[in-house]
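Peer 1: Before I ask anything, here is the structure I am working with.
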(Lines of atoms letter the chains of each structure in order from A and count residues from 1; the text may use other names and numbers.)
(Lines give C-alpha, C1' and ligand atoms only; values in the text may rest on other atoms or scores of the structure.)
Protein backbone atom coordinates (compact mmCIF):
# COMPACT_ATOMS: atom_id res chain seq x y z
CA UNK A 1 0.00 0.00 0.00
CA UNK A 2 1.42 3.42 -0.96
CA UNK A 3 0.71 6.90 0.34
CA UNK A 4 -0.02 10.08 -1.64
CA UNK A 5 3.66 10.72 -2.32
CA UNK A 6 4.12 7.29 -3.93
CA UNK A 7 6.17 5.89 -1.06
CA UNK A 8 5.44 2.34 0.17
CA UNK A 9 6.29 1.40 3.78
CA UNK A 10 8.67 -1.45 4.38
CA UNK A 11 7.13 -4.84 5.17
CA UNK A 12 8.57 -7.85 6.92
CA UNK A 13 10.38 -10.10 4.43
CA UNK A 14 8.55 -13.35 3.67
CA UNK A 15 11.04 -14.99 1.35
CA UNK A 16 12.87 -16.79 4.14
CA UNK A 17 9.68 -18.32 5.55
CA UNK A 18 8.48 -19.37 2.10
CA UNK A 19 11.85 -20.89 1.23
CA UNK A 20 11.93 -22.78 4.50
CA UNK A 21 8.46 -24.18 3.84
CA UNK A 22 9.51 -25.43 0.41
CA UNK A 23 11.96 -27.88 1.97
CA UNK A 24 9.82 -28.93 4.93
CA UNK A 25 8.77 -32.58 5.00
CA UNK A 26 5.13 -33.37 5.58
CA UNK A 27 4.20 -35.12 8.84
CA UNK A 28 3.39 -38.31 6.91
CA UNK A 29 6.76 -38.28 5.13
CA UNK A 30 8.54 -38.06 8.48
CA UNK A 31 6.50 -40.96 9.85
CA UNK A 32 7.11 -42.97 6.67
CA UNK A 33 10.89 -42.52 6.92
CA UNK A 34 10.88 -43.62 10.54
CA UNK A 35 8.66 -46.59 9.68
CA UNK A 36 10.95 -47.69 6.83
CA UNK A 37 13.99 -47.71 9.14
CA UNK A 38 12.31 -49.63 11.94
CA UNK A 39 10.80 -52.22 9.57
CA UNK A 40 14.20 -52.67 7.91
CA UNK A 41 15.73 -53.25 11.34
CA UNK A 42 13.17 -55.98 12.04
CA UNK A 43 14.10 -57.68 8.76
CA UNK A 44 17.79 -57.61 9.65
CA UNK A 45 17.10 -59.13 13.08
CA UNK A 46 15.15 -61.96 11.45
CA UNK A 47 18.06 -62.51 9.05
CA UNK A 48 20.54 -62.64 11.94
CA UNK A 49 18.39 -65.12 13.86
CA UNK A 50 18.32 -67.43 10.84
CA UNK A 51 22.05 -67.99 11.24
CA UNK A 52 22.08 -68.21 15.04
CA UNK A 53 21.36 -70.66 17.83
CA UNK A 54 17.67 -69.80 17.44
CA UNK A 55 17.38 -72.17 14.48
CA UNK A 56 20.32 -74.49 15.11
CA UNK A 57 19.25 -75.71 18.55
CA UNK A 58 17.55 -79.09 18.89
CA UNK A 59 13.88 -78.60 17.89
CA UNK A 60 12.44 -80.39 20.92
CA UNK A 61 14.54 -78.19 23.21
CA UNK A 62 13.59 -75.08 21.26
CA UNK A 63 9.87 -75.71 21.65
CA UNK A 64 9.69 -75.39 25.43
CA UNK A 65 12.12 -72.46 25.44
CA UNK A 66 10.07 -70.62 22.84
CA UNK A 67 6.91 -71.27 24.85
CA UNK A 68 8.53 -70.13 28.09
CA UNK A 69 9.92 -66.87 26.72
CA UNK A 70 6.77 -66.18 24.74
CA UNK A 71 4.92 -66.35 28.05
CA UNK A 72 7.46 -64.31 30.02
CA UNK A 73 7.65 -61.50 27.48
CA UNK A 74 4.11 -61.35 26.14
CA UNK A 75 2.27 -61.77 29.44
CA UNK A 76 3.51 -58.38 30.76
CA UNK A 77 2.68 -56.84 27.37
CA UNK A 78 -0.86 -58.21 27.61
CA UNK A 79 -1.30 -56.66 31.05
CA UNK A 80 0.43 -53.32 30.45
CA UNK A 81 -0.58 -52.54 26.83
CA UNK A 82 -4.25 -51.67 27.60
CA UNK A 83 -3.02 -49.31 30.33
CA UNK A 84 -0.22 -47.63 28.37
CA UNK A 85 -2.51 -46.28 25.66
CA UNK A 86 -4.73 -44.12 27.89
CA UNK A 87 -1.65 -42.95 29.81
CA UNK A 88 0.11 -41.82 26.64
CA UNK A 89 -3.04 -40.02 25.49
CA UNK A 90 -2.71 -37.70 28.49
CA UNK A 91 0.87 -36.70 27.58
CA UNK A 92 1.65 -34.36 24.69
CA UNK A 93 3.83 -36.31 22.25
CA UNK A 94 3.38 -39.56 24.18
CA UNK A 95 2.92 -41.76 21.10
CA UNK A 96 5.89 -40.10 19.43
CA UNK A 97 8.04 -40.82 22.49
CA UNK A 98 6.96 -44.45 22.33
CA UNK A 99 8.13 -44.70 18.71
CA UNK A 100 11.48 -43.08 19.53
CA UNK A 101 11.94 -45.22 22.63
CA UNK A 102 11.13 -48.40 20.73
CA UNK A 103 13.79 -47.60 18.12
CA UNK A 104 16.41 -46.62 20.70
CA UNK A 105 15.85 -49.69 22.88
CA UNK A 106 15.97 -52.02 19.89
CA UNK A 107 19.22 -50.36 18.81
CA UNK A 108 20.80 -51.24 22.15
CA UNK A 109 19.23 -54.68 22.20
CA UNK A 110 20.56 -55.52 18.72
CA UNK A 111 24.10 -54.76 19.92
CA UNK A 112 23.57 -57.01 22.95
CA UNK A 113 22.20 -59.80 20.75
CA UNK A 114 25.35 -59.66 18.61
CA UNK A 115 27.29 -61.05 21.59
CA UNK A 116 24.77 -63.75 22.54
CA UNK A 117 23.94 -65.39 19.21
CA UNK A 118 25.37 -68.70 20.46
CA UNK A 119 24.01 -68.34 24.00
CA UNK A 120 20.66 -69.21 25.53
CA UNK A 121 20.34 -65.54 26.46
CA UNK A 122 19.38 -65.04 22.83
CA UNK A 123 15.85 -66.33 23.51
CA UNK A 124 14.74 -63.67 26.03
CA UNK A 125 16.48 -60.98 23.99
CA UNK A 126 14.73 -62.03 20.79
CA UNK A 127 11.31 -62.02 22.42
CA UNK A 128 11.99 -58.67 24.08
CA UNK A 129 12.72 -57.38 20.58
CA UNK A 130 9.36 -58.81 19.52
CA UNK A 131 7.54 -57.00 22.34
CA UNK A 132 9.16 -53.67 21.42
CA UNK A 133 8.09 -54.21 17.83
CA UNK A 134 4.50 -54.82 18.90
CA UNK A 135 4.55 -51.66 20.97
CA UNK A 136 5.81 -49.67 18.00
CA UNK A 137 3.01 -50.90 15.72
CA UNK A 138 0.41 -49.86 18.29
CA UNK A 139 1.94 -46.37 18.51
CA UNK A 140 2.27 -46.08 14.75
CA UNK A 141 -1.41 -46.93 14.24
CA UNK A 142 -2.38 -44.01 16.49
CA UNK A 143 -0.05 -41.54 14.77
CA UNK A 144 -1.14 -42.11 11.16
CA UNK A 145 -4.52 -40.28 11.46
CA UNK A 146 -2.75 -37.13 12.63
CA UNK A 147 -0.62 -36.96 9.48
CA UNK A 148 -3.53 -36.75 7.01
CA UNK A 149 -6.50 -34.43 6.49
CA UNK A 150 -9.32 -36.63 5.17
CA UNK A 151 -10.57 -40.19 5.53
CA UNK A 152 -9.59 -40.95 1.94
CA UNK A 153 -6.02 -39.84 2.67
CA UNK A 154 -6.00 -42.06 5.78
CA UNK A 155 -6.77 -45.21 3.79
CA UNK A 156 -4.15 -44.20 1.24
CA UNK A 157 -1.60 -43.54 3.98
CA UNK A 158 -2.10 -46.96 5.55
CA UNK A 159 -1.78 -48.52 2.11
CA UNK A 160 1.46 -46.64 1.44
CA UNK A 161 2.94 -47.72 4.77
CA UNK A 162 2.11 -51.37 4.05
CA UNK A 163 3.72 -51.08 0.63
CA UNK A 164 6.72 -49.32 2.15
CA UNK A 165 7.16 -52.18 4.62
CA UNK A 166 7.53 -54.70 1.80
CA UNK A 167 9.87 -52.52 -0.24
CA UNK A 168 12.08 -51.68 2.75
CA UNK A 169 12.29 -55.31 3.79
CA UNK A 170 13.27 -56.38 0.29
CA UNK A 171 15.88 -53.65 -0.17
CA UNK A 172 17.59 -54.13 3.20
CA UNK A 173 18.13 -57.82 2.48
CA UNK A 174 20.94 -56.89 0.06
CA UNK A 175 23.23 -55.11 2.56
CA UNK A 176 22.13 -57.60 5.19
CA UNK A 177 23.25 -60.50 3.02
CA UNK A 178 26.60 -58.84 2.39
CA UNK A 179 27.05 -58.31 6.12
CA UNK A 180 26.23 -61.99 6.69
CA UNK A 181 28.88 -63.06 4.15
CA UNK A 182 31.54 -60.74 5.55
CA UNK A 183 30.98 -60.93 9.29
CA UNK A 184 28.27 -63.49 9.94
CA UNK A 185 25.18 -62.99 12.11
CA UNK A 186 26.95 -60.59 14.57
CA UNK A 187 27.66 -58.18 11.71
CA UNK A 188 23.98 -58.28 10.72
CA UNK A 189 22.99 -57.43 14.30
CA UNK A 190 25.36 -54.44 14.28
CA UNK A 191 23.83 -53.27 11.00
CA UNK A 192 20.36 -53.68 12.54
CA UNK A 193 21.45 -51.52 15.49
CA UNK A 194 22.56 -48.78 13.10
CA UNK A 195 19.24 -48.90 11.24
CA UNK A 196 17.22 -48.86 14.47
CA UNK A 197 19.28 -45.91 15.69
CA UNK A 198 18.61 -44.04 12.45
CA UNK A 199 14.89 -44.71 12.90
CA UNK A 200 14.98 -43.30 16.44
CA UNK A 201 16.79 -40.16 15.22
CA UNK A 202 14.24 -39.68 12.42
CA UNK A 203 11.48 -40.09 14.98
CA UNK A 204 12.80 -36.99 16.73
CA UNK A 205 11.73 -34.94 13.71
CA UNK A 206 8.16 -36.18 13.91
CA UNK A 207 5.61 -33.69 15.13
CA UNK A 208 4.43 -34.23 18.71
CA UNK A 209 0.73 -34.98 18.83
CA UNK A 210 -1.54 -32.96 21.10
CA UNK A 211 -3.04 -34.27 24.31
CA UNK A 212 -6.15 -36.29 23.50
CA UNK A 213 -9.43 -35.35 25.10
CA UNK A 214 -11.35 -37.85 27.19
CA UNK A 215 -13.59 -40.22 25.21
CA UNK A 216 -17.06 -38.79 24.82
CA UNK A 217 -20.34 -40.69 25.07
CA UNK A 218 -20.85 -40.23 21.33
CA UNK A 219 -17.47 -41.81 20.58
CA UNK A 220 -18.17 -44.75 22.88
CA UNK A 221 -21.58 -45.23 21.27
CA UNK A 222 -20.18 -45.25 17.75
CA UNK A 223 -17.38 -47.69 18.55
CA UNK A 224 -19.90 -50.05 20.15
CA UNK A 225 -21.83 -50.27 16.89
CA UNK A 226 -22.62 -53.79 15.70
CA UNK A 227 -20.86 -53.36 12.36
CA UNK A 228 -17.57 -52.27 13.94
CA UNK A 229 -17.62 -55.00 16.60
CA UNK A 230 -18.38 -57.64 13.99
CA UNK A 231 -15.56 -56.44 11.74
CA UNK A 232 -13.17 -56.29 14.71
CA UNK A 233 -13.93 -59.92 15.55
CA UNK A 234 -13.19 -61.02 11.99
CA UNK A 235 -10.00 -58.95 11.86
CA UNK A 236 -8.92 -60.37 15.21
CA UNK A 237 -9.23 -63.92 13.87
CA UNK A 238 -7.13 -62.91 10.86
CA UNK A 239 -4.38 -61.59 13.16
CA UNK A 240 -4.57 -64.76 15.23
CA UNK A 241 -4.04 -66.80 12.06
CA UNK A 242 -0.96 -64.70 11.24
CA UNK A 243 0.58 -65.45 14.63
CA UNK A 244 -0.37 -69.11 14.42
CA UNK A 245 1.19 -69.53 10.99
CA UNK A 246 4.43 -67.76 11.99
CA UNK A 247 5.37 -70.39 14.57
CA UNK A 248 3.68 -73.28 12.75
CA UNK A 249 5.96 -72.82 9.74
CA UNK A 250 9.01 -72.38 11.95
CA UNK A 251 8.45 -75.70 13.72
CA UNK A 252 7.18 -77.50 10.61
CA UNK A 253 10.26 -76.67 8.54
CA UNK A 254 12.45 -77.63 11.51
CA UNK A 255 10.91 -81.10 11.42
CA UNK A 256 9.73 -81.08 15.03
CA UNK A 257 6.58 -83.14 14.47
CA UNK A 258 6.49 -86.77 13.50
CA UNK A 259 4.65 -87.62 10.31
CA UNK A 260 1.10 -88.91 10.72
CA UNK A 261 0.77 -92.69 10.59
CA UNK A 262 -0.82 -92.73 7.14
CA UNK A 263 1.90 -90.52 5.67
CA UNK A 264 4.63 -92.55 7.37
CA UNK A 265 3.09 -95.81 6.06
CA UNK A 266 2.95 -94.37 2.56
CA UNK A 267 6.61 -93.35 2.75
CA UNK A 268 7.61 -96.87 3.82
CA UNK A 269 5.64 -98.43 0.96
CA UNK A 270 7.22 -96.04 -1.50
CA UNK A 271 10.71 -96.80 -0.23
CA UNK A 272 10.09 -100.57 -0.46
CA UNK A 273 8.78 -100.21 -4.02
CA UNK A 274 11.80 -98.18 -5.09
CA UNK A 275 14.13 -100.78 -3.61
CA UNK A 276 12.25 -103.65 -5.29
CA UNK A 277 12.56 -102.15 -8.76
CA UNK A 278 16.22 -101.32 -8.25
CA UNK A 279 15.96 -97.55 -7.83
CA UNK A 280 18.18 -95.71 -5.37
CA UNK A 281 16.58 -95.17 -1.99
CA UNK A 282 15.98 -91.66 -0.77
CA UNK A 283 16.32 -90.29 2.73
CA UNK A 284 14.08 -87.67 4.19
CA UNK A 285 15.75 -84.86 6.14
CA UNK A 286 14.38 -84.14 9.58
CA UNK A 287 14.78 -80.43 9.08
CA UNK A 288 14.62 -77.99 6.19
CA UNK A 289 17.64 -75.91 5.16
CA UNK A 290 17.78 -72.29 6.22
CA UNK A 291 16.88 -70.99 2.77
CA UNK A 292 13.44 -72.62 3.10
CA UNK A 293 12.72 -70.19 5.93
CA UNK A 294 13.87 -67.40 3.63
CA UNK A 295 11.41 -68.45 0.93
CA UNK A 296 8.50 -68.55 3.39
CA UNK A 297 9.49 -65.17 4.84
CA UNK A 298 9.82 -63.67 1.35
CA UNK A 299 6.34 -64.84 0.40
CA UNK A 300 4.95 -63.31 3.59
CA UNK A 301 6.76 -60.07 2.77
CA UNK A 302 5.27 -59.97 -0.73
CA UNK A 303 1.68 -60.69 0.30
CA UNK A 304 1.22 -57.61 2.49
CA UNK A 305 2.28 -55.00 -0.10
CA UNK A 306 0.22 -56.72 -2.80
CA UNK A 307 -2.83 -56.51 -0.55
CA UNK A 308 -2.09 -52.84 0.07
CA UNK A 309 -2.00 -52.19 -3.69
CA UNK A 310 -5.12 -54.14 -4.56
CA UNK A 311 -7.47 -53.06 -1.75
CA UNK A 312 -7.78 -49.33 -2.62
CA UNK A 313 -8.77 -50.30 -6.16
CA UNK A 314 -11.32 -52.83 -4.90
CA UNK A 315 -12.92 -50.16 -2.69
CA UNK A 316 -14.02 -48.32 -5.83
CA UNK A 317 -16.28 -51.20 -6.89
CA UNK A 318 -17.17 -53.26 -3.79
CA UNK A 319 -18.04 -52.54 -0.17
CA UNK A 320 -15.53 -52.82 2.65
CA UNK A 321 -17.44 -55.72 4.19
CA UNK A 322 -17.15 -57.66 0.95
CA UNK A 323 -13.39 -57.11 0.87
CA UNK A 324 -13.07 -58.38 4.44
CA UNK A 325 -15.18 -61.48 3.79
CA UNK A 326 -13.39 -62.15 0.51
CA UNK A 327 -10.02 -62.02 2.25
CA UNK A 328 -11.21 -64.61 4.78
CA UNK A 329 -12.77 -66.90 2.15
CA UNK A 330 -9.51 -66.85 0.19
CA UNK A 331 -7.81 -68.44 3.20
CA UNK A 332 -10.32 -71.30 3.16
CA UNK A 333 -9.42 -72.32 -0.38
CA UNK A 334 -5.67 -71.78 -0.05
CA UNK A 335 -5.53 -73.53 3.34
CA UNK A 336 -6.98 -76.68 1.81
CA UNK A 337 -4.64 -76.43 -1.19
CA UNK A 338 -1.60 -75.97 1.07
CA UNK A 339 -2.61 -79.03 3.10
CA UNK A 340 -2.74 -81.08 -0.11
CA UNK A 341 0.58 -79.80 -1.45
CA UNK A 342 2.54 -79.77 1.81
CA UNK A 343 6.29 -79.16 2.02
CA UNK A 344 7.93 -75.91 0.99
CA UNK A 345 5.35 -75.20 -1.75
CA UNK A 346 2.46 -75.45 0.70
CA UNK A 347 4.26 -73.32 3.29
CA UNK A 348 5.12 -70.62 0.76
CA UNK A 349 1.58 -70.56 -0.65
CA UNK A 350 -0.14 -70.25 2.71
CA UNK A 351 2.39 -67.62 3.90
CA UNK A 352 1.72 -65.49 0.80
CA UNK A 353 -2.06 -65.76 1.16
CA UNK A 354 -2.23 -65.12 4.90
CA UNK A 355 -0.09 -61.99 4.52
CA UNK A 356 -2.24 -60.78 1.62
CA UNK A 357 -5.51 -61.41 3.45
CA UNK A 358 -4.31 -59.75 6.65
CA UNK A 359 -3.14 -56.65 4.74
CA UNK A 360 -6.33 -56.33 2.70
CA UNK A 361 -8.54 -57.05 5.69
CA UNK A 362 -6.83 -54.39 7.83
CA UNK A 363 -7.39 -51.67 5.23
CA UNK A 364 -11.04 -52.72 4.89
CA UNK A 365 -11.45 -52.67 8.68
CA UNK A 366 -9.93 -49.17 8.91
CA UNK A 367 -12.42 -47.96 6.32
CA UNK A 368 -15.34 -49.46 8.25
CA UNK A 369 -14.26 -47.68 11.45
CA UNK A 370 -13.91 -44.36 9.62
CA UNK A 371 -17.33 -44.73 8.03
CA UNK A 372 -19.32 -45.95 11.04
CA UNK A 373 -17.54 -43.89 13.74
CA UNK A 374 -16.95 -40.49 12.12
CA UNK A 375 -16.85 -38.63 15.45
CA UNK A 376 -14.41 -40.98 17.22
CA UNK A 377 -10.82 -39.97 17.90
CA UNK A 378 -8.93 -41.79 15.12
CA UNK A 379 -5.64 -42.17 16.93
CA UNK A 380 -7.17 -43.49 20.15
CA UNK A 381 -9.60 -45.88 18.44
CA UNK A 382 -6.99 -47.34 16.07
CA UNK A 383 -4.51 -47.80 18.93
CA UNK A 384 -7.16 -49.58 20.99
CA UNK A 385 -8.04 -52.00 18.21
CA UNK A 386 -4.39 -52.56 17.28
CA UNK A 387 -3.61 -53.49 20.90
CA UNK A 388 -6.34 -56.13 20.82
CA UNK A 389 -5.11 -57.49 17.51
CA UNK A 390 -1.54 -57.79 18.76
CA UNK A 391 -2.71 -59.70 21.82
CA UNK A 392 -4.75 -62.07 19.64
CA UNK A 393 -1.61 -62.56 17.53
CA UNK A 394 0.16 -63.75 20.68
CA UNK A 395 -2.62 -66.24 21.47
CA UNK A 396 -2.44 -67.61 17.93
CA UNK A 397 1.36 -67.84 18.09
CA UNK A 398 1.23 -69.78 21.36
CA UNK A 399 -1.01 -72.54 19.96
CA UNK A 400 1.55 -74.32 17.69
CA UNK A 401 4.16 -73.89 20.43
CA UNK A 402 2.07 -75.63 23.07
CA UNK A 403 0.37 -78.18 20.80
CA UNK A 404 2.69 -80.00 18.39
CA UNK A 405 1.01 -80.62 15.04
CA UNK A 406 2.07 -81.42 11.46
CA UNK A 407 2.08 -78.56 9.01
CA UNK A 408 -0.74 -79.99 6.92
CA UNK A 409 -2.99 -80.31 9.94
CA UNK A 410 -2.18 -76.71 10.80
CA UNK A 411 -3.10 -75.56 7.30
CA UNK A 412 -6.44 -77.35 7.57
CA UNK A 413 -6.99 -75.70 10.94
CA UNK A 414 -6.40 -72.31 9.29
CA UNK A 415 -8.96 -73.18 6.60
CA UNK A 416 -11.50 -74.28 9.21
CA UNK A 417 -10.99 -71.16 11.33
CA UNK A 418 -11.34 -68.92 8.27
CA UNK A 419 -14.53 -70.74 7.22
CA UNK A 420 -15.99 -70.23 10.70
CA UNK A 421 -15.02 -66.54 10.63
CA UNK A 422 -16.60 -66.00 7.20
CA UNK A 423 -19.86 -67.79 8.00
CA UNK A 424 -20.27 -66.11 11.38
CA UNK A 425 -19.52 -62.70 9.86
CA UNK A 426 -22.07 -63.08 7.05
CA UNK A 427 -24.78 -64.40 9.37
CA UNK A 428 -24.05 -61.75 11.97
CA UNK A 429 -24.08 -58.98 9.38
CA UNK A 430 -27.45 -60.08 8.01
CA UNK A 431 -28.92 -60.29 11.51
CA UNK A 432 -27.69 -56.82 12.45
CA UNK A 433 -28.85 -55.37 9.14
CA UNK A 434 -32.31 -56.89 9.52
CA UNK A 435 -32.71 -55.44 13.02
CA UNK A 436 -31.13 -52.05 12.17
CA UNK A 437 -28.22 -52.49 14.57
CA UNK A 438 -25.26 -52.19 12.20
CA UNK A 439 -24.73 -48.60 13.33
CA UNK A 440 -25.80 -47.00 16.61
CA UNK A 441 -29.00 -45.01 16.48
CA UNK A 442 -28.61 -41.33 17.18
CA UNK A 443 -31.27 -40.28 19.62
CA UNK A 444 -32.13 -36.56 20.00
CA UNK A 445 -29.94 -36.49 23.11
CA UNK A 446 -27.00 -37.92 21.20
CA UNK A 447 -27.62 -35.54 18.30
CA UNK A 448 -27.50 -32.60 20.69
CA UNK A 449 -24.22 -33.85 22.14
CA UNK A 450 -22.85 -34.20 18.61
CA UNK A 451 -23.64 -30.59 17.83
CA UNK A 452 -22.14 -29.43 21.10
CA UNK A 453 -18.94 -31.41 20.55
CA UNK A 454 -18.69 -30.18 16.96
CA UNK A 455 -18.98 -26.61 18.20
CA UNK A 456 -16.22 -27.19 20.79
CA UNK A 457 -14.02 -28.81 18.16
CA UNK A 458 -14.52 -25.83 15.82
CA UNK A 459 -13.55 -23.43 18.60
CA UNK A 460 -10.40 -25.42 19.31
CA UNK A 461 -9.48 -25.34 15.62
CA UNK A 462 -10.00 -21.56 15.45
CA UNK A 463 -7.88 -20.99 18.56
CA UNK A 464 -5.11 -23.17 17.16
CA UNK A 465 -5.18 -21.32 13.82
CA UNK A 466 -5.09 -17.96 15.61
CA UNK A 467 -2.03 -18.95 17.66
CA UNK A 468 -0.27 -20.20 14.54
CA UNK A 469 -0.96 -16.99 12.64
CA UNK A 470 0.32 -14.90 15.51
CA UNK A 471 3.54 -16.92 15.68
CA UNK A 472 4.07 -16.45 11.95
CA UNK A 473 3.32 -12.73 12.09
CA UNK A 474 0.18 -12.95 9.97
CA UNK A 475 -3.10 -11.10 10.33
CA UNK A 476 -5.63 -12.77 12.57
CA UNK A 477 -9.15 -12.83 11.06
CA UNK A 478 -11.50 -10.40 12.79
CA UNK A 479 -8.74 -8.05 13.94
CA UNK A 480 -7.55 -4.70 12.61
CA UNK A 481 -3.93 -4.70 11.46
CA UNK A 482 -1.64 -2.29 13.23
CA UNK A 483 -0.99 0.95 11.37
CA UNK A 484 2.44 1.29 9.89
CA UNK A 485 4.46 4.28 11.17
CA UNK A 486 4.71 7.21 8.73
CA UNK A 487 7.89 7.54 6.71
CA UNK A 488 10.65 9.43 8.51
CA UNK A 489 11.42 11.57 5.48
CA UNK A 490 15.06 10.63 5.02
CA UNK A 491 14.21 7.61 2.84
CA UNK A 492 15.97 5.16 5.13
CA UNK A 493 12.89 3.08 5.93
CA UNK A 494 11.03 3.12 2.62
CA UNK A 495 11.44 1.86 -0.89
CA UNK A 496 10.09 3.22 -4.13
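Every residue, even glycine, has its Cβ placed from backbone N, Cα and C.
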Peer 1: If TrEMBL is the reference, give me the range from 209-227, 266-284, 323-341 marked as transmembrane segment.
Peer 2: 323-341
Peer 1: State the residue range annotated as transmembrane segment by TrEMBL; the candidates are 138-156, 157-175, 347-365, 366-384.
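Peer 2: Per TrEMBL, the stretch marked transmembrane segment is 347-365.
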Peer 1: Any idea which of 16-35, 36-55 is down as transmembrane segment in TrEMBL?
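Peer 2: TrEMBL lists transmembrane segment for residues 36-55.
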Peer 1: Of 387-441, 442-496, which span is tagged region 'Disordered' by TrEMBL?
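Peer 2: In TrEMBL, residues 442-496 carry the label region 'Disordered'.
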Peer 1: Would you confirm whether the transmembrane segment (347-365) and the transmembrane segment (230-253) meet the contact rule of 3 or more C-beta pairs below 8 angstroms, pairs 6 or more apart in sequence?
Peer 2: yes
Peer 1: Does the transmembrane segment (230-253) come close to the transmembrane segment (385-403), meaning at least 3 CB pairs under 8 Å for residues 6 or more apart?
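Peer 2: Stretch pair touches.
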